[in-house]
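The feature FAD binding site is assigned by Swiss-Prot to Gly14, Ala15, Gly16, His17, Ala18, Gly19, with sequence analysis given as support. Annotation comment: Swiss-Prot describes 274-288 as NAD(+) binding site.
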Amino acid sequence: MWTFPVDYDVIVIGAGHAGCEAAYCAAKMGASVLLLTSNLDTVAKLSCNPAVGGIGKGHIVREIDALGGIMAEITDLSGIQFRILNQTKGPAVRAPRAQVDKQLYHIHMKRLLEQVPGLHIMQGTAEALLDNGEKVLGVSTKEGWAYLGKTVVLSSGTFMRGLIHIGTQNFSGGRLGDAASLGLSEDLKRLGFPLGRLKTGTPARLLASSIDFSVMEEQPGDHNVCFVHRNEMFVPTLPQVSCHITHTTDQTKDLITKNLHRSALYGGRIEGVGPRYCPSIEDKIVKFADKDRHHIFIEPEGLNTQEVYVNGLSTSMPFDVQYDIIRSVSGLENAIITRPAYAIEYDYVHGNVIFPSLESKLIEGLFLCGQINGTTGYEEAAAQGLIAGVNAVNKVLRHPPFVPSRQESYIGVMLDDLTTQVLDEPYRMFTSRAEHRLLLRQDNAGMRLSHYGHSLGLLSSERYAMFQEQKACIEQEKERLSKTFRKYGDTVVPLTKVLCRPEVSYQQLLTEFPADVRDLGPVVGASLEMEIKYSGYISRQQTLIRSMERSENISIPEDIDYHSISALSLEAREKLSKFTPRTIGSAARISGISVADIQVLMVSLKKDAH
């Protein structure tokens, strides 16, 4: 087998959202990087919905931007509708979401990656890992040659032994129209990796000209919403479009109920578990039998195509049943299908063999990111890609790994969850997964994480200075307003007390007291308002974190023998040996580990220290 005459620092397998972020970040840190993809025309392809962000997910994209990644930038360039979700709810759960042009997203990402120094993008299909039994050495390809690298990042998406289901029909594929990867699964098994099966699905695509939008509710976008942190107002570069909302009918329910046995999911042909919070339409009908109808969202796939995505109508039914189901939906009576819905099963690796840095515990220098780790979603994948790419370079440079904590980021929450919990379904980020979500708002991601991005060499000095200036402005203005007393109603109070009132906004305060309130602009002003309005809650959460950190970050030796600690419960010995947590905090979050077990472990660590 011929070996390519370059020894790379980092080889990234797969150019989906995880792979693109990993390759970009590794190259930006100065590494020589190979990004290997089976098809250059599908780089950063949005395989399912044409959207980025949402609750929890939008927070992650903002964190990626704060660290110096690229998903936010590509989303803003490709966005054809921007919205803030949960506007009427508290600031912790408000999140940006964008409809994007699928083709432009791919084009912008590929063009950007092609311009990064040190990054070589190559078409080829990874067939097997090269290793010496302890350390990864590179990758061999289906085409018959090999690439050598000091580290390898595996971001295979749904391609590992991917199996597509449409009713009773099933066939191999990584997604509809693309071949599955068969060799990598076998190779990981050879190396001792425990594999499981998960399932996801995607709805049919329809021709917009065949849809009756007049009976649907129009859903326009919002103004000044974006993913890249800015000081100024954001004006989209592309024309903006609306989505539309419709619903299923009694006929839809009857059709699905009568044909349930023909569904790949309910017919017993799918062994993988699907995402709980993105169920197929047949799953909704069965699990929510008391509901007469379900919302369906019609989302445009781009500006230069008539295809639309039917959000909420994912299914693994046969095509003839899909046809009838779609035409039973209000406004879709004459809909023309351009692509069928399907479900897909794929292999993933259990989290107990992965460090929070996303390096494998079994083969040194091998990093895993994206759906191979059991997650679902472009955003979760991209965040893991950033972490894997950064830590692959840290490995080469012999620097300590970068692992943000769950107290300071949603990315940290995800890394901790993936490596301490047993997944029984695809992992999706929600704000409810974070214990301190009021501290992890989407508006303050830059102030929380930009110092990491700058120190890693991913975030420019100019952007870092912007974040530092924002942070300083907010702190200074909070201090000044707390010492500025004015009459409000019948009493004289500091202006911070006025802004704490639920009916008073920062803009109202600025209008009412123009001589006393500094105009920080709408972006920084909104963050200032949240910091002041929720200062009591924020202070309590910060106090709680400080008290927890004393035990949270106590290190556990890598060579500890849990089976020798007889006071631990049998379940604790088994679980701790399986997951090998690095800190007491991580150990405490493993399912089945009790407070008593943690106390025993801490006593044992103190004895060993003495």
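Each Cβ is built from the backbone N, Cα and C atoms, and glycine gets one as well.
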Here the Cα-Cα span from Phe288 (NAD(+) binding site) to His17 (FAD binding site), rounded to a whole number of angstrom, reaches 33
With a radius of 8 angstroms around the mean position of the C-beta atoms of Gly14, Ala15, Gly16, His17, Ala18, Gly19, what other residues of the same chain does the FAD site pick up?
Val12, Cys20, Glu21, Ala22, Thr37, Ala44, Ser155, Gly157, Gly370, Ala381, Gly385
Inter-residue Cα distance where the pair is Arg276 (NAD(+) binding site) and His17 (FAD binding site), in Å:
22
For the C-alpha pair, I'd like the distance in angstrom between Lys284 (NAD(+) binding site) and Gly16 (FAD binding site), rounded off.
29
Residue pair Gly16 (FAD binding site), Val286 (NAD(+) binding site) - Cα distance, angstrom, rounded
33
Could you round the CA separation between Arg276 (NAD(+) binding site) and Gly19 (FAD binding site) to a whole angstrom and send it over?
25
The binding-site residues listed are Gly14, Ala15, Ala18, Gly19; by CA-CA distance, the one closest to Ser280 (NAD(+) binding site) is Ala18
Provide, as an integer number of angstrom, the distance between the C-alpha atoms of Gly14 (FAD binding site) and Gly274 (NAD(+) binding site).
22
If we count other C-beta atoms within 10 Å, could you say which of the binding-site residues Gly14, Gly274, Lys284 has the fewest?
Lys284
Please report the three-state DSSP label of Cys278 (NAD(+) binding site).
coil
For Ala18 (FAD binding site), list the number of other Cβ atoms lying within 10 Å of its Cβ atom.
34
Fewest-neighbour residue among binding-site residues, criterion Cβ within 10 Å, set Ala15, Cys278, Val286:
Val286
Could you check which of the binding-site residues (Ala15, Ala18, Gly19) sits closest to Gly274 (NAD(+) binding site), going Cα to Cα?
Ala18
What is the one among the binding-site residues His17, Arg276 whose Cβ has the most other Cβ atoms less than or equal to 10 Å away?
His17
Hey, does DSSP put His17 (FAD binding site) in a helix, a strand, or just coil?
helix
